[in-house]
Amino acid sequence: MPAKRIVILTGAGISAESGIATFRASDGLWENHRVEDVATPEGFARNPKLVHDFYNARRARLHDADVQPNAAHMAIAKLQRALPGQVTLVTQNVDDLHERAGSPEVLHMHGSLLALRCLYCDSVADNWHDDCSRETACPTCKRAGGMRPDIVWFGEMPYYMETIEARLAECTHFAAIGTSGHVYPAAGFAALARHYGAEISEINLEPSQGAAQFHHVYSGKATVEVPRWVDSMLN
């Protein structure tokens with residue numbers, strides 16, 4: 001029997017049970033801020049202080065004692081360790097809960113709260129846990145005023161797309177976990193994996209609008225359904 005090659009896509013739903021607030025597509029608000037103000041290059045150019053304050057608060061939230069990886073994060077990390085080199089984990093989330101759960105490789109297609117990027121030299125400062133402001137100097141080029149959150153904002157190209165598309169083309173199994181299926185290009189991953197012959201599964205609190213395209217639909221809490229799905233992959 002050929003080895004399984006699994007691609008997992010996780011969205012906000014997997015971190016919701018860990019206390020991470022999700023962006024509400026219904027009214028375009030994220031933590032009561034308009035996404036145009038805090039998640040676009042134009043918003044950053046218009047009011048960098050507002051944007052820095054917003055992401056500083058999101059980053060600080062990751063340090064709160066009640067924000068911990070949950071059973072879904074743990075199950076995925078277990079699967080990656082059990083099948084080394086066979087599981088690609090792609091996340092739309094900008095938190096570090098997959099890493100803290102022990103996942104050895106995480107492709108953050110929308111960037112990370114714990115990284116900053118310099119607009120002057122394009123270097124990335126990883127593992128950044130402090131606040132950032134207009135006064136923050138780039139660790140590489142030493143200039144101040146150009147550090148921005150290393151977050152993929154609306155209108156920007158997600159990271160790792162070539163790698164992700166190559167893994168989707170060769171995978172045998174694909175799972176979309178805690179994602180609405182509204183945000184492209186990630187919303188097209190399931191159809192692409194299915195086109196190449198993969199068995200595709202959706203795991204969501206409620207079935208998404210695109211649930212009909214999936215071979216298997218698990219409805220319920222991620223902390224319950226993801227471990228169930230992982231067990232099915234290991235058996």
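Using N, Cα and C of the backbone, Cβ positions are placed for all residues, glycine too.
A TrEMBL annotation is a machine prediction, not a hand-curated record.
Pulled from TrEMBL:
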type	residues	note
ACT_SITE	His110	active site, proton acceptor
BINDING	11-30, 92-95, 178-180, 204-206, Ala222	NAD(+) binding site
BINDING	Tyr55, Arg58	substrate binding site
BINDING	Cys118, Cys121, Cys138, Cys141	Zn(2+) binding site
DOMAIN	1-235	domain 'Deacetylase sirtuin-type'
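Neighbour counts of Cβ atoms within 10 Å were compared across the binding-site residues Gly11, Gly19, Gly178; the minimum falls on Gly19. For the domain 'Deacetylase sirtuin-type' (1-235), the predicted model reports an average pLDDT of 94. A Cβ within 8 Å of the Cβ centre of Cys118, Cys121, Cys138, Cys141, the residues given for Zn(2+), is found for these other residues of the same chain: Leu119, Tyr120, Asp122, Ser123, Pro139, Thr140, Lys142, Arg143, Gly146, Met147. For Arg58 (substrate binding site), the number of other Cβ atoms no farther than 10 Å from its own Cβ, over all displayed protein chains, is 19. Neighbour counts were taken at the CB atom with a 10 A radius for the binding-site residues Ser15, Gln92; the maximum falls on Ser15. Tyr55 (substrate binding site) is surrounded by 22 other CB atoms, counting those within 10 A of its CB over all protein chains shown.
When the CA atoms are compared, no binding-site residues among the candidates Tyr55, Arg58, Cys118 lie within 10 A of Gly11 (NAD(+) binding site). When the alpha carbons of Ser15 (NAD(+) binding site) and Arg58 (substrate binding site) are compared, the span between them is 13 angstrom.
When the C-alpha distances from Leu205 (NAD(+) binding site) to the binding-site residues Cys118, Cys121, Cys141 are tabulated, the minimum falls on Cys118.
The two recorded residues His110 (active site, proton acceptor) and Cys118 (Zn(2+) binding site) have their Cα atoms spaced 17 Å from each other.
Here the CA atom of Gln92 (NAD(+) binding site) lies 16 Å from the CA atom of Tyr55 (substrate binding site).
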